[in-house]
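Taken verbatim from TrEMBL:
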| type | residues | note |
| --- | --- | --- |
| DOMAIN | 110-191 | domain 'Beta-ketoacyl-[acyl-carrier-protein] synthase III N-terminal' |
| ACT_SITE | CYS116 | active site |
| DOMAIN | 262-351 | domain 'Beta-ketoacyl-[acyl-carrier-protein] synthase III C-terminal' |
| ACT_SITE | HIS278 | active site |
| REGION | 279-283 | region 'ACP-binding' |
| ACT_SITE | ASN308 | active site |
Amino acid sequence: MLHSKIAGIGFYVPEKVVTNHDLMKVMDTTDEWIQERSGIKERRYGIKGVETPTTMGAAATKIACERAGISPEEIDFIVFATLSPDYYFPGCGVLLQRELGITHKEMGALDIRNQCSGFIYALSVADQFIKAGMYKNVLVVGSEMHSMGLDFTTRGRNVAVLFGDGAGAVVLQPTTEEGKGILTTHLHSDGTHAEELALLSPGSHGGYHLGTEQFGFPDVEYGEIFVYENLLENKTYYPNMNGQLVFKTAVTKFPEVIMEALNKTGYTPADIDMLVPHQANLRIAQFVQKTLRLPDEKVYNNIMKYGNTTAASIPIALCEAWEAGKIKDGDLVCLAAFGSGFTWGSALIRW
Ligand code: ACO
């Protein structure tokens, strides 16, 4: 039966390293607090006005294409996951198509807005296209430029210290080889706590046009007062997070969705050769590792170096683990993510 395999993988992180000590210069925080709560020592920030999710996605794509043995012109469809797009619209998919110089051919581009679970959602969507026989080379990208949208004052420190910039990409191709490639994917959502990990503005609810005098129709009751309170006073143009709720929910959903993938395919946690969890927080990953009783060498974490890169974290970690020889041909690799929405998901891959 037709299914997908990862034919090539690549990642890109900006050169600029920002340590916890660098953050201590601009906000009231400490290296100890950040490391103890999240495991993060440093992260990368892109160059303002030069690097964007699209340019970083293009850098990762070129490596993934080369490793897949194709040129970017051979890509049939782009699925681009990001929560920090270059523009509010259009999405990064078409911008990446232009950046890669492949606008002359018939192809499609789709943006996925599922934040930390974005890459798993994107991979699953791409997998369905391949299974349906629609496309031969589907590019899946996760890319984020968080550094452009964080509150670097003490007010925003609970969120700002966690995030970093970067991109990862994979090329999916069809295969008929039994038991190889993507074995199963599982996607979930529950909007009950949608605002507990969110960026509310710009948006049609909280006001679009930050920095202009008028935010929509000049209705004093709705337009001006609402927008003033929410957008300007509450700074809803910065992400907010209920950290404890996220932690509590994540440590339940991660193991659940991993077990769902294992049960579906007849495997147990002991069969996993490498778990690559979304790099949300080292404490969450360690909790999941303990729940599934996995030894250290079977879980790949790199949040210490890159922070949380949201939709990019899984492909960056997956690529880095593979480059380091920690994922080998024939290994059973499990990917899992949880994040804003809340949404969560998993994928099981025979490498
Ligand atoms: N530096 C120093 N102090 C800080 C910082 C900081 N960067 N941020 C918050 N604090 C202070 C708070 O102001 C508070 O001070 P107070 O006691 O005087 O009021 C104190 O630290 C404790 O704050 P809490 O928010 O209760 O801290 P908590 O122990 O819950 O840790 C954290 C916060 C790390 C966010 C934790 O809740 C957590 O790990 N949550 C999981 C969320 C997560 O990992 N999100 C990642 C992104 S979402 C995703 O990818 C799924």
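In case you wondered, yes, glycine gets a Cβ from its N, Cα and C as well.
Keep in mind that TrEMBL annotations are predicted by a computer and have not been checked by a curator.
Sequence features annotated in TrEMBL and their locations in the structure.
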residue: CYS116; record: active site; DSSP class: helix
residue: HIS278; record: active site; DSSP class: coil
residue: ASN308; record: active site; DSSP class: strand
Field: Integer Å distance between the CA atoms belonging to CYS116 (active site) and ASN308 (active site)
entry: 9
Field: Integer Å distance between the CA atoms belonging to HIS278 (active site) and CYS116 (active site)
entry: 7
